[in-house]
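**Q** Got a structure here, written out as structure tokens. Questions coming.
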Amino acid sequence: MLRTIYDWFWWDRLWLPYNLTWTDLEDRDGRVYAKASELWITLPLALVFLVVRQAFELYVATPLANLLNVKDKVRLKATPNTVLEGFYISTSKHPKQLDIEALSKKAGYSLRQVERWFRRRRNQDRPSLLKKFREASWRFTFYLIAFIAGLAALIDKPWFYDLKEVWKGFPTLTLLPSQYWYYMIELGFYWSLLFSVASDVKRKDFKEQIIHHLATIILISFSWCVNYIRAGTLIMLVHDSADYLLESAKMFNYAGWKNACNAIFIVFAAVFIVTRLIIFPFWILHCTWVYPTELYPPFFCYYFFNGLLAILQLLHIFWACLILRMAWKFITGNYVEDERSDREETDNSEEGEEEKEAKEVQKNGPVSNGHLALNNNHRKTE
């Protein structure tokens with residue numbers, strides 16, 4: 001049974017043009033081809049990335065954060081309450097008005113106290129500024145190195161300048177050492193992103209990020225197996241060209257360098273629009289959609305590969321909308337912030353009160369019942 005499934009999965013007609021078989025892609029006469037079995041190395045490589053990331057965040061990103069004076073805001077903790085905590089964990093983090101009224105009676109709190117408790121409790125669960133800075137630093141470092149390495153590997157290749165060269169000799173294209181390492185490192189990194197997605201900062205486009213990681217992993221793996229390597233390296237380079245700019249803008253934003261953040265973000269927005277909405281659809285997609293049909297009739301692999309690229313293009317459009325919204329805020333005089341992140345919650349009428357209490361926490365610290373010990377020895381009421 002397993003053998004039958006295996007044979008059907010690797011059926012030549014699914015993966016290769018009509019007049020070729022897998023035996024045509026076996027190493028011979030000094031020519032080396034990509035092999036599906038080599039992709040297994042990316043899983044332990046992903047674990048290596050996770051270990052390196054932990055060391056980087058601890059010994060590089062954290063000292064850099066201290067140097068740039070990245071500090072977390074003092075967050076007021078919600079007073080321990082079993083009734084409210086139970087509802088928060090099991091039912092909803094955002095109770096409706098009827099729920100607030102019912103919880104007020106059960107917990108013995110006023111409506112305002114219940115609303116404040118849930119606001120503070122949600123703020124407690126939000127990632128710290130230092131955590132965001134560490135993640136941005138790690139991704140900035142990888143994307144920058146990957147872009148420079150990818151550019152160095154491709155800049156002397158003829159298909160970097162003439163996209164028709166991508167398919168010259170396909171599919172019997174010899175694998176180059178630079179292509180091998182470019183693929184293994186990129187795929188290992190995206191596996192590590194998928195493994196850490198549960199512990200990373202969750203943003204509003206969390207589902208889109210998972211779809212992006214899965215589509216990228218499948219796309220890289222698939223292009224490797226069918227020797228779409230030249231096209232694959234160009235696609236990876238296009239994506240890496242803008243990502244490091246976004247992560248550097250985030251770093252400056254978390255450090256409070258608003259002018260530097262805004263300037264870098266405008267550069268990022270321009271590079272993103274050019275690479276993802278112009279170069280990718282009108283050059284890369286044209287290259288993968290039109291040129292192969294000049295050599296072979298379309299087959300399953302051709303449609304599947306271009307289908308994955310179409311999914312990526314839809315995600316590009318989605319993120320472009322967020323980027324343009326942020327750019328509009330910059331043009332209208334507001335500083336740029338990550339539209340995908342949740343903001344700290346404060347009520348305008350209580351913002352001064354929250355700041356005052358936060359200062360008291362820094363000065364005196366909370367007492368065991370969750371209320372503040374003020375200098376005048378009176379208890380601050382909610």
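Cβ from N, Cα, C; glycine included.
According to TrEMBL, the protein carries these features:
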{"type": "DOMAIN", "residues": "67-128", "note": "domain 'Homeobox'"}
{"type": "DNA_BIND", "residues": "69-129", "note": "DNA-binding region"}
{"type": "DOMAIN", "residues": "131-332", "note": "domain 'TLC'"}
{"type": "TRANSMEM", "residues": "140-160", "note": "transmembrane segment"}
{"type": "TRANSMEM", "residues": "180-198", "note": "transmembrane segment"}
{"type": "TRANSMEM", "residues": "260-283", "note": "transmembrane segment"}
{"type": "TRANSMEM", "residues": "303-324", "note": "transmembrane segment"}
{"type": "REGION", "residues": "338-382", "note": "region 'Disordered'"}
{"type": "COMPBIAS", "residues": "344-355", "note": "compositional bias 'Acidic residues'"}
**Q** In the same chain, which residue numbers or ranges, 6 or more beyond the ends of the transmembrane segment (140-160), come under 8 angstroms Cβ to Cβ?
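**A** Non-local partners: 56, 60, 166, 168, 178-179, 182, 185-186, 189, 230, 233-234, 236-237, 240-241, 243-244, 247-248, 250-251.
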**Q** Reported in the order helix, strand, coil, what are the DSSP residue counts of the DNA-binding region (69-129)?
**A** 36 helix, 0 strand, 25 coil
